[in-house]
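Going by TrEMBL, these are the annotated features:
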type	residues	note
TRANSMEM	12-30	transmembrane segment
TRANSMEM	42-59	transmembrane segment
TRANSMEM	105-122	transmembrane segment
TRANSMEM	176-200	transmembrane segment
TRANSMEM	221-246	transmembrane segment
TRANSMEM	262-286	transmembrane segment
TRANSMEM	362-383	transmembrane segment
TRANSMEM	395-416	transmembrane segment
REGION	520-549	region 'Disordered'
COMPBIAS	524-543	compositional bias 'Basic and acidic residues'
Amino acid sequence: MGDDPLTFIKKTISVLLLIFSLVVVHALIADKQTNLSDNIHPALAYVALWGALIWLSMVEGSQASMVGLPPIDRELYRESHPIAFKICERGHRGDNLDRYLMGRQFMVLALVFVINMSGAPIEDADVLNLPTPLANAFLKSGLAMILFTCMIGQLNTQVNASHCMLDYLNDHFATFTVWVAVGIEASGLLHASYLIQMIVAMCAGQTIESNEPPRDGLANVLYWGRVLFSCGCLGFAFAVTLAALFDGKTTMWDGIPEVVSIIFFFGLMSVVGMLEGMQIAFFAVAKMTEEERNYNSWATWTNELLFGNGGKGLPGFMIGRQLCVVSCFFVIARVTTVSIEDGDDNVLGVGDGAQKFFETGLLGALITTIVASIAWQLVASAFPLTMLGNVVTYTLLRICLFLEATGIASGAWVLASIHKKFAGFQKDEVYIGTAEERAAMGHGDKKVHGKEIGHLTGGGFVGNLLQDEDKAEAFTARRTKVLANISRLREQVKETESEEEKQIFEDCIALEVAHLTKINKQQKLSDKKVADEDEPEPIKDVEAGVEYA
């Protein structure tokens, strides 16, 4: 099914904007008008930019696969996808999935900070003799970097990975990425998040479900030792960042007072936190009844936007949210990255080596990961209704839906289609069947957690949120394939000479007809769940003169 004219126009404009953004970013690096190209060399900036972007795409894509595959019996893909099987065998053991997600969150922030250092324009950058309006739009506002990062490094890989989880994860690059994320969590750098997790569960009066036995004495010592280490690192990161902000020693825009910079910093982290928490909360309340989630006026208005109009608001939010979050990440990177002028004293009087480390932006990434991301997700997992029913949530939802409606990131679907074709990705159903077919084979999907409180697995992904017309297209494609099989089998029947061979082909046709009937029944059930729509019309086989229900 082709795109309607409006969608085609949106995708075309989005792709053109992306191409223009690519030209602008690469011209900036060539002219040494980014931090890394100016301080070291453009060649290193190019390598760092594309290395971080490609790795970010794997981090985002592997997340969709890692979160989507736990309910599925691994034996179904042991032979067809051995690498994905090994990753999931260990990655889904015990509480390793939560460990991976925690480490992965830091990787996203760290990679965005590297992309920012490599490709974001320095103060008063001027390239390609752009007219002032274009320069302001693509350089000063950071639009070029936002589109570049969001479409290439995030959305397109999420779309493919959420439909083709097995193919996407069946790669040694994915193995490396997953275990780097787990290693970051094992280092203890983010263990302050577990302290927040416990406080949130205590406030909710709930316990956190674990797939592992209680820790023994030595494990407890190591665990709490890492929690203290993480709290110390987080406190130190705040001390350095706030000291730099007070002294005007960050890459914050010139002319902004120090106090305003600090307020701006905490305000941005709150916005990111709300967007991260909203994702968790929206998927949690989607499982509730309408009466339960419409507990006040703001909640009712928010739910109308999310679940009205066939539920199109939820996938729209996910796309717009991605644009908002990436935008905030780049601004936070600019606000928190330490930078001193020649002749200035180092921050807190540290040595030159420590000062160089501060200037990497990793301290800002640590703060944002724990305080502006993980903490809010944990709170939302415990209090989804509170996150839902307030004016801030409603306002941010409106902004996200507006950004999605502009189609500015629609080019990501074009990139995803190209990537899927060249990589040879196929939907998971090709290898392991649908959920109904797996259940019929005795390999039904299982539930990972009884309660999502204290876990980071409650969010969803853009690609998984198929619009109704996409679902109809999927069923149509399956029916078309079956009808083509029936047509070929009938040709074989005409050409065969023996009655025995003819009977074999007739039996095959009967199996295909049964499969076609099953597809139609599945679509009827799907339509009843999503919306109270008319049942699909029967498919007519003109040659046989019959209709399939």
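The first residue you see is number 1, and the count goes up from there.
Each Cβ is built from the backbone N, Cα and C atoms, and glycine gets one as well.
Just so you know, TrEMBL annotations never went through curation; they're auto-generated.
Remember, predicted model here, so these are calculated numbers, not experimental data.
Of the Cβ pairs linking the transmembrane segment (12-30) with the transmembrane segment (105-122) and spaced 6 or more residues apart, 3 or more are under 8 Å, so the two regions touch.
Most Cβ pairs within less than 8 Å of the transmembrane segment (105-122), among stretches 221-246, 362-383, 395-416, belong to 362-383. Looking at which of 262-286, 362-383, 395-416 has the most CB pairs under 8 Å to the transmembrane segment (221-246), the answer is the stretch 362-383. Taking Cβ pairs closer than 8 Å, the transmembrane segment (395-416) reaches residues 7, 9-11, 13-15, 17-18, 147, 150-152, 154-157, 159-160, 271, 274-275, 278, 302, 305-306, 313, 316-317, 319-324, 463 in its own chain, all 6 or more past its ends.
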